[in-house]
Amino acid sequence: MGARASRHRQSPDQSQSQSPSPHHKHHHHHQTTRAPKPKPKPQPPPPQQPRSQPPPPPRHQPQQAPQQAAAEDGVGRVLGRPMEDVRATYTFGRELGRGQFGVTYLATHKPTGRRYACKSIAARKLARPDDLDDVRREVHIMHHLTGHRNIVELRGAYEDRHSVNLVMELCEGGELFDRIIARGHYSERAAAALCREIVSVVHSCHSMGVMHRDLKPENFLFLNKREDSPLKATDFGLSVFFKPGEQFRDLVGSAYYVAPEVLKRLYGAEADIWSAGVILYILLSGVPPFWAENEDGIFDAVLQGHIDFSSEPWPSISSGAKDLVKRMLRQDPKERLTAAEILNHPWIREDGEAPDKPLDITVISRMKQFRAMNKLKKVALKVVAENLSEEEIVGLKEMFKSLDTDNSGTITLEELRAGLPKLGTKISESELRQLMEAADVDGNGSIDYVEFISATMHMNRLEKEDHIYKAFEYFDKDHSGFITVDELEEALTKYDMGDEATIKEIIAEVDTDHDGRINYQEFVAMMKNNSPEIVPNRRRMF
């Protein structure tokens, strides 16, 4: 199981009982890989906004009825104004990142040549009224929060028949952890400065009636590569407007960062403070405070709430830092500090008591291991799926054909929704969406045959020795019994993962005897290891 929470969103009184399994950003990534989004120069083009700056709308907005008719009249279903082609104003370049709901591209403003990031959400992924509300809410919230130094600025929102496009300032300074790792030296004072920027975002959101609900390191990017670059919060896809004291019930977020009251399905804005506290713990130690072999184990650890301050490097970390972490990670939300109180804590203040002595170098190496996802395992899973025999997958093949009602060679969300009950599979709407998002590896809104097989094959098939050996042979081109750096690069280039940094990450993660290559025993151990990752593995569908 992955360590990422569900990206399906509901308003609080619409929440239905779901399996408590946040699945995600992820990022990823990956999206939870997040798209870097650099800052425009002064005098940017006038933002393309709703005709008047909207106040926070009620979560239950009246539906535009009929939605389809609106689209046919040339009025966008999401933004509620005449459709406009973003490509008339911006030239799209390379892909910057990919998430469950959209792909982010480099976008150049034609009149000025200034560069932005454009998050493009395919209209086919907005099949239900809730989906439209979610994107509409994200646009409203980003406009509502505009102007804060540490929140990415939305420059314009465009909608045509094929997609909704959000043009934002481009952050080219990289992810939070990447900057720390690349710098190689790090202190409590540096951690305090970063935490101050993160909590400043939380304080601004809460004071303006917005709960973020998905705070994690991957959702913070540096604006540029300068040492004094501001840190920017970039993803408000799970955010909601709230009133003081209002409680929510839908399960959202990411497993490592999710608050205990979210798992209990009754929470308010204090859940953001918990998530920020988890980030601070990682900034100081390199690992999350709640850790287990799988997602359920992480949730159990979160609910138990035991925080380790005895292992390295905690004995050498200041009492002020530990005090702040403890007060942000109180089990009872009412006992947690507010964002304003955190910013006044003596350890975090700009002129505060956080020491400037370097933290142990192992903190950075542990952070790097925690951040790196096992890309080799993901490719190996696909290799196994492609090499299963016809006899082994005959049942899955028939299942695919029965779901693919239009014989297009792909399965859409609507086909899954209609077909699974006929196969005797009871599944909630939120689980259906989690399943679709997890299986749709290339993010195109549908599941192709190989994606379907990869997602549905049972783990006991995967663990068969001959399947693992076939996957190993795929990488071990010269049959030497080892996967070398060159062989990794050759195999992963096919999947656009063959860069030097990724190869080094994989070797560091899998090569347990440190000989610079991967032997068969190390490969088997990796394939059978279920330790959670930042971005989700594909969920088993049945």
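Placement of Cβ uses the backbone N, Cα and C atoms for every residue, glycine included.
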Range annotated as region 'Autoinhibitory domain' in Swiss-Prot, from 230-260, 354-384, 478-508:
354-384
Where E487 (Ca(2+) 3 binding site) sits in the secondary structure, as DSSP reduces it to three classes:
helix
What are the DSSP helix/strand/coil residue counts across the domain 'EF-hand 3' (463-497)?
20 helix, 2 strand, 13 coil
Could you check which of the binding-site residues (L96, G102, T104) sits closest to D478 (Ca(2+) 3 binding site), going Cα to Cα?
L96
Reported as an integer number of Å, what is the Cα distance between R98 (ATP binding site) and D476 (Ca(2+) 3 binding site)?
30
Measuring Cα to Cα, how many Å separate T104 (ATP binding site) from D476 (Ca(2+) 3 binding site)?
34
Once the chains shown are all counted, how many other Cβ atoms turn up within 10 Å of the Cβ of R98 (ATP binding site)?
22
Taking only the recorded positions L96, G102, D214, which one has a CA atom nearest to the CA atom of E487 (Ca(2+) 3 binding site)?
L96
By CA distance, which of the recorded positions (L96, G102, D214) lies nearest to S480 (Ca(2+) 3 binding site)?
L96
